[in-house]
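Trainee: I am attaching a structure below and will ask some questions about it afterwards.
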Amino acid sequence: MSETMSTNEEKKLPLNGRRAIPPNNSNDEENEVPEMEAFGVIPRGFNPRDYLRVLDIYMFKDPHEINKQQHHTDKYYNPKLIVRRGQSFQIQIHFNRPYKPETDQFWLEYLMGRYPQQNKGTYIPILVGNVLKPGEWGAKIIHRENDTIRLSIMSSASCIIGKFRLYVAVWTPFGILRTRRNWETDTYILFNPWCQQDAVYLDDEKEREEYVLNDVGIVFHGNVEDIKSRSWSYGQFEENILDACLFLMDKAELELSGRGNPIKICRVASAVINSRDDNGVIAGSWNNTYDYGVAPSAWTGSVDILLEYYSSKQPVRYGQCWVFAGVFNTFLRCLGIPARLITNYSSAHDNNANLRLDFFLDDEGKVDTRLTKDSVWNYHCWNEAWMTRPDLPVGFGGWQVVDGTPQETSDGMYRCGPASVQAIKHGHVCFQFDAPFVYAEVNSDIFYSRREKNGTQVVENIDTTHIGQLIVTKEVGGDGMMNITEEYKFREGSDEERLALETAVMYGVKKQSTRDTAYQPQTDVDMDFQVQKAVLGNDFKVTVTFRNRSRNSYTATTYLSGNIVFYTGVTKSEFKKHSFSAKLQPSSSSSFDIVIKSSEYMSDLLEQASFHFFVTARINETGKILAMQKAAVLEIPTLRIKTKGELVAGKEMSVIVEFTNPLKQTLENVTLRLEGPGVLRTIKKEFGRIQMNSTLIWEVKCTPIRPGLRKLIASLNCDALRHVYGELNVQIQKP
């Protein structure tokens, strides 16, 4: 074939023997639609101007006009018409003369993609009728005046979502006349949680305001003993974010015809949010080096990440679980799927989904890092999306777990979900998708085993309560925490919990029973330990407490190992080893303090300032081992945010960010970020260094766009100190 192939041929995709039409999986591509579609030979005297002609179409697409107000889409920073499916909207058509219903015939056509087809839902012709049926495509005239008519249009409650092109077609005896391609009339159709027939219908108005319309959220992190929170800007209404989210579905090559189904959308999105195996949005990095990218802790929201990906089409560096979950939440809320960000404290990453995490101890009772492959994440963030599950038996709709963080593959790709929360709670892990993996994240037991010289394994201790101790999300309508552990599991030790576990095992979750292993624990001595709350850069203590409930005296050889860990529970280095002998008097409790000096941990500290302590004690008289592990997080200093000037939409104001360096060292290469949806776009500033005890002050001028309660979010980042945040609620007045 010659190189000067015509552009027409170039655009034709290679067909294969199985399908007459190439795959239609881009919302962006278009076909050419003829303005005159002749029925045969056109007679000489035919003049299209003799027939009804469309001069203009008015879309009522401004934020204050009826469509965006009624469809709850007035917050989108997007000039085009945005409506939700299954609910009527209005347009007005201006003809060249008054419309005569007896002789004139016209209809509307909505098209999507390059190969529109009626049976795929990508070509939708709508005839004008007298009556609108709820949740089905239709149009009726609600007002006629001179040369204009006003139409009320109903979309199907299950139609595909995305950007449609609109044409008006007029019938003439010799052919169909169409309006020419007009970008002004493009119409976005989104999911509709306000419509009872929509698969994502949510019946509580306060919940819809939180899970669909709130553009700021809270990420809970830290650990179960010391919960921390920070704000995250979802920014689902910001400029170009809707187009970026639709592009993600193109990138994931989801057929346009499947885009009305929230189950399919969630499944492909959980793969495309991470960059593993498909060059998706965010590249994960858990190794504390973030060259040529942004440290995960520096991001303050999703907007920068999505816009960078939309323009560069290359993975954005770097993310960890809350970044994947934050961006995924933006995607879901932007398309109209109710969504919330979840934190599971002490989350199991169980490599072989056998509901047990194996920690192997050596002869001294220390954890053998060579043999131990499973890990406990201090916390792990995922998302829940709200939808019906017609593919499952009744009762498994509602909140579904979806997770964009790449942990394990599912059907060959790094993705997870949607898995029904209700099915996980009751142990019905046979229902798609990935329920066994999520079940293990919240329900595994920790086995401490020792390998004897002859190779047999002896289980020394089993901890059944450590994993999935607390599962939380932001409360509706406030910044507080809502405990949703009971949505995922029955009360520890209850009959229902046992039954759910037996059900999960019946459905193929592997679980080795404790009967298979010789396990006789020491039952008359309890051990616990507490880590004192401490501020970064200060000394603190760990207190180990024994309670001897027997009438015997015991001595316990006790070993404490302090490790600096990634929040995923993977150890970077052991910074503290301490062993002592504890005398345990009959029927009494005794406590022992171990001091941790800042000089022991500061040089190796990782960004989340996370420690992991193992305490193992051998009762010398019986040879039995008691074992326990806990995570601890240091208090990290915060940023202070203030405002100056009047807080009025359209008027210039100042935001001031202050930070005092509390460390006994100079901070180098400091980056500050500040953002606030509706107030200011993300701004970054680099500062060379901040001396010990000195204060940095940064003033930013901005003009807020939207009135109402808004949130400013700031982060500070440098190699020695990460996860430094500040936030401020501001009430922007109407001008």
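Using the three backbone atoms N, Cα and C, a Cβ is placed for every residue, glycine included.
Reproduced below are the annotations present in TrEMBL:
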- 1-31: region 'Disordered' (REGION)
- 313-406: domain 'Transglutaminase-like' (DOMAIN)
- C321: active site (ACT_SITE)
- H380: active site (ACT_SITE)
- D403: active site (ACT_SITE)
- N443, D445, E492, E497: Ca(2+) binding site (BINDING)
Trainee: Do you know offhand how many angstrom separate E497 (Ca(2+) binding site) and D403 (active site) by C-alpha?
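Mentor: Their Cα atoms are separated by 24 Å.
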Trainee: Are there residues of the same chain, six or more positions away from D403 (active site), whose CB falls under 8 angstroms from its CB, and which are they?
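Mentor: S270, F324, A325, W382, N383, R415, C416, G417, V438 - these are the non-local Cβ neighbours of D403 (active site), listed in sequence order.
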Trainee: Need one number: mean pLDDT over the domain 'Transglutaminase-like' (313-406).
Mentor: 90
Trainee: Which chain neighbours of the Ca(2+) site, leaving out N443, D445, E492, E497, have a Cβ atom within 8 Å of the mean position of the site's Cβ atoms?
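Mentor: Close Cβ neighbours, site residues excluded: T464, T465, I467, G468, K489, G493, L501.
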Trainee: Compute the C-alpha separation of N443 (Ca(2+) binding site) from H380 (active site), stating it in Å without decimals.
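Mentor: Checking the Cα atoms of N443 (Ca(2+) binding site) and H380 (active site) gives a distance of 14 Å.
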Trainee: Going by C-alpha distance, which of the recorded positions H380, D445, E492 is nearest to C321 (active site)?
Mentor: H380
Trainee: Counting across all protein chains shown, how many other Cβ atoms sit within 10 Å of the Cβ of E492 (Ca(2+) binding site)?
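Mentor: A 10 Å sphere around the Cβ of E492 (Ca(2+) binding site) contains 11 other Cβ atoms.
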Trainee: Including all protein chains displayed, how many Cβ atoms other than that of D445 (Ca(2+) binding site) lie within 10 Å of its Cβ?
Mentor: 18
Trainee: In whole Å, how far does the CA atom of H380 (active site) lie from that of E492 (Ca(2+) binding site)?
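Mentor: Answer for this pair: 20 Å between alpha carbons.
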